[in-house]
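These features come from TrEMBL:
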type: DOMAIN; residues: 93-478; note: domain 'SLC26A/SulP transporter'
type: TRANSMEM; residues: 122-140; note: transmembrane segment
type: TRANSMEM; residues: 166-190; note: transmembrane segment
type: TRANSMEM; residues: 241-262; note: transmembrane segment
type: TRANSMEM; residues: 283-307; note: transmembrane segment
type: TRANSMEM; residues: 424-444; note: transmembrane segment
type: TRANSMEM; residues: 449-466; note: transmembrane segment
type: TRANSMEM; residues: 478-511; note: transmembrane segment
């Protein structure tokens, strides 16, 4: 039977919520409970301060007991899972991958420090401790923690020449924010960055990094933090271009790109190679993968030879302090002349980068995890905790912020890494380089490091995603293109915020303008009615729009109206008030309005404002009876009117 609820003027009270309980499906509720009423609202007893204080300790105890379970501990310390079944094959795979990544990270970290606007040694300082800590905390075997192109350019834009002390403090603050976000479960924040926005941001970063390296590639001096500023500065100093730096840089880029493609070359048919063919293929792959290290070593040898003969036609890196960095607290104040700049003032000078950089670093890290997850779920919360603690640790060894690098992750994966223990060999290799090989770094030409970065990040420009986006949904190109342009013209954090803002505007627009299908149908008893079906929840941005459409078409058709609520999973007080007005208007026109399949939790919300002639039904038989009652009452009124006229 249908359920009819009307106001007090008819001396009938609305049915209690309990009568609707059997209509809901049993199951587990997941996701947000916003706009869903789960219990009846009534007068609540005021809780005293003493009761609140007394309840705090049991709450802490429950949280502590929940954290101390084996499941939670193994989830927050992932190495406890893979360590149980660690084998000899795993050890060999991790050793090969760790050494290969180490040969990649050393030249990259030197170059990334240059992108960040810091001395070269700070890149190496951020490449060993974080990698070692990630072994115990990381949930993805392919992630090599350390400096990245995106974090480096964001560090450069945040520091704007403030100096290494600010970079170290930024590393610490980024780690603290990431750790806090992980503890309170804010990994969900990355869900607000869509694929097109992420692609636009990444592509803009790649072009910005290439632009920042042009000055070292051609041996001039240039400054600036945005695309326009950098190229304006380059053109101002273009007359001082160094011929040998330019020639050497172009040759290095050509060699690196050729060696990159050499990795795809194979001898023999895949799967049927002879032993010698397998050996040659492995050797070719290893040479191609270690191209950065090989190029830097060869260019350093050439630089040393030229230096010894009194000729330095190209600019060299120069002196790098030997040995490991001293372990100390991050600088919470700095001394500039006779003036001491305190912690709060330092944070103020760093600006919005303190917030934006940790989020972008998380986005980069999660992108790496998803790229090599092979269908497995990615634990964003654990990754936040992991990179947060790694950045905090790195700040104690004088590093700038880092994250998981996509390029090194690809090397790690293709090298056959089995577990995060591969980071051990990468970290050890960097430590060895700091202890014994820093004097050799003096002779590395700056143009070769610029070539390493350009050859790596130029492939980050995601041109290939444009065609699939155009085919699937053309409007998604708008936030992607706007993000791309904004990140080039403005600062990166402003550009990504503009992209996210466009995403949110799009979401809000679709929430405020739900699609409503309209159809005139005939019941089994032969009564015509207008069926309206909204495709989403009724909340305050959309209710006036829906109400206007319902009123417009109901007046135009002049027949009973049925609103199919099968897709309405949530509502709020504003929606309830609009429904109240809507039912009154229909009642005044003596035009029936019925709600089909309205969830009991939403009935309770609407019930709170006691709408007039609020009728809910749940099957076609009920609708037939309602329409028959309406038809018969209409016929009776017509008969009485005709008799009065006579």
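Start at 1 and count along the chain as shown; that gives each residue its number.
Heads up, the Cβ atoms here are built off N, Cα and C, so glycines get one too.
Keep in mind that TrEMBL annotations are predicted by a computer and have not been checked by a curator.
In summary, the transmembrane segment (241-262) does not lie against the transmembrane segment (166-190): fewer than three C-beta pairs, each 6 or more positions apart in sequence, are under 8 Å. Under 8 Å from some Cβ of the transmembrane segment (166-190) lie the Cβ atoms of residues 116, 118, 122, 126, 155, 158-159, 330-332, 334, 346-347, 349-350, 353-355, 357-359, 361-363, 366, 379-385, 387-395, 398-402, all in the same chain and six or more residues away from its ends. Residues belonging to the domain 'SLC26A/SulP transporter' (93-478) score a mean pLDDT of 88 in the model.
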